[in-house]
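Trainee: Got a structure for you, written out below as structure tokens; questions coming shortly.
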Amino acid sequence: MSSRSRSTFLAIACFVLIDWVTKLAVLLYLGNLPDANPILYQYSWGKLLFCICPTFNEGAAFGLFAKYKYFLFFIRITIILGILAFLFLRKKTSSPAIRFSLILLCSGAIGNVGDIVFYRHVVDFISIGYKRWFFPTFNFADIFISLGTLIFIYKLYFPTKQKIK
């Protein structure tokens, strides 16, 4: 295995581990509470609010397409395999930013697919709000997917210019 492949594998493993360990910690803590919808942690800073409150999501982003679980699972696995094939089989080196964005996307997808395999749903637990408005609850895998998508789109629209010698 080349050093590039090894570092790619280690990066994906680290990001997936971060996602799974945080979800497991929330689930273990949740197991000790009798409340059906607990807030495990809450911090407010003025009108901004941060909460750790577990929710379970059977669909895609924000619970979309929950009725199509098997189709979504197939799509997720296909995307993961496609990204892994690109990262490990492509001989030509892509830009470091594109490579990093794909590592983040793959890590987030693996994290959420792991939830579906082990728990039959995705474990979301991070909630951010302002006044009475709350963003849908999410997890670290969602952060990795969102950040990877933003970096990928940015590099597509604003590629690094080659220096002319």
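Each position is counted from 1, following the chain as shown.
Glycine residues also receive a Cβ, built from the backbone N, Cα and C atoms like all the rest.
Here's the feature list from Swiss-Prot:
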ACT_SITE  ASP124  active site
ACT_SITE  ASP142  active site
TRANSMEM  9-29  transmembrane segment
TRANSMEM  69-89  transmembrane segment
TRANSMEM  98-118  transmembrane segment
TRANSMEM  133-153  transmembrane segment
Trainee: Return only the integer: C-alpha distance in Å from ASP124 (active site) to ASP142 (active site).
Mentor: 9
Trainee: Six or more residues out from either end of the transmembrane segment (133-153), which same-chain residues have a Cβ under 8 Å from its Cβ atoms?
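Mentor: Distant contacts of the transmembrane segment (133-153): 15, 18-19, 22-23, 49, 53, 55, 57, 61-63, 97-98, 100-105, 107-112, 115, 122-127.
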Trainee: How many other Cβ atoms sit within 10 Å of the Cβ of ASP142 (active site)?
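Mentor: A 10 Å sphere around the Cβ of ASP142 (active site) contains 21 other Cβ atoms.
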Trainee: Which of the three DSSP states, helix, strand or coil, fits ASP124 (active site)?
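Mentor: In the DSSP reduction, ASP124 (active site) maps to strand.
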